[in-house]
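Annotation comment: Swiss-Prot describes LYS10, PHE58, ARG86, THR92, ARG103, ASN113 as ATP binding site, evidence class sequence analysis. Residues annotated as active site, pros-phosphohistidine intermediate in Swiss-Prot, with sequence analysis given as evidence: HIS116.
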Amino acid sequence: MLQQTLCLIKPDATQRNLIGKIISYLENAGLKIKAIKKLQLTQAQAEKFYLEHQDKPFFASLVGFMISAPIVAIVLEGENAIAHYRELMGATNPEQREAGTIRALYAISNQENSVHGSDSETSAKREIDYFFSKEEIC
């Protein structure tokens with residue numbers, strides 16, 4: 001099934017000039033870029049985007065990290081794009097990351113793990129709509 005999903009290249013990766021490497025990795029894996037933008041999140045934007053985590057102990061540090069440097073938001077498209085991209089990302093936990101995944105290659109820690117990806121069709125729609133208008137996706 002053809003799907004779209006959201007990829008965020010996080011501040012740790014943008015600060016280390018990994019944007020091009022991550023985009024190449026995604027395209028080489030067969031995903032198409034339908035929209036892309038680089039932006040600096042405000043605290044309010046980061047808090048709203050991660051609202052589902054507001055009661056978790058890591059919320060404040062996550063928001064602080066996400067506003068620490070620019071991010072890149074990307075709409076990816078492909079067959080079963082949500083699951084495919086999540087496989088390419090690799091596990092959040094460093095000890096569970098499979099070799100060759102984006103996080104195995106570039107992550108520094110659980111939080112500084114280079115990329116974010118939607119975990120379901122519902123979250124993909126919400127997250128894509130958060131960053132992109134319909135006119136920006138082509």
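Using the three backbone atoms N, Cα and C, a Cβ is placed for every residue, glycine included.
Small disclaimer: the values here were computed from a predicted structure and weren't measured.
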Practice problem: Among the binding-site residues LYS10, PHE58, ARG86, report those whose Cα falls within 10 Å of that of the residue listed as 'active site, pros-phosphohistidine intermediate'; none is a fine answer. | Solution: LYS10, ARG86
Practice problem: Inside 10 Å of the Cβ of ASN113 (ATP binding site), count up the other Cβ atoms and send me the figure. | Solution: 22
Quiz prompt | Largest inter-residue Cα distance among LYS10, PHE58, ARG86, THR92, ARG103, ASN113 [record-listed ATP binders, Å] | solution = 21
Quiz item: Where among the binding-site residues LYS10, ARG86, ARG103 do you find the Cβ with the fewest other Cβ atoms within 10 Å?
Solution: ARG86
Exercise. Among the recorded positions PHE58, THR92, HIS116, point out the residue whose Cβ has the most other Cβ atoms within 10 Å, with all shown protein chains included in the count.
Key: HIS116
Practice problem: Please state whether DSSP places THR92 (ATP binding site) in a helix, a strand or coil. | Solution: coil
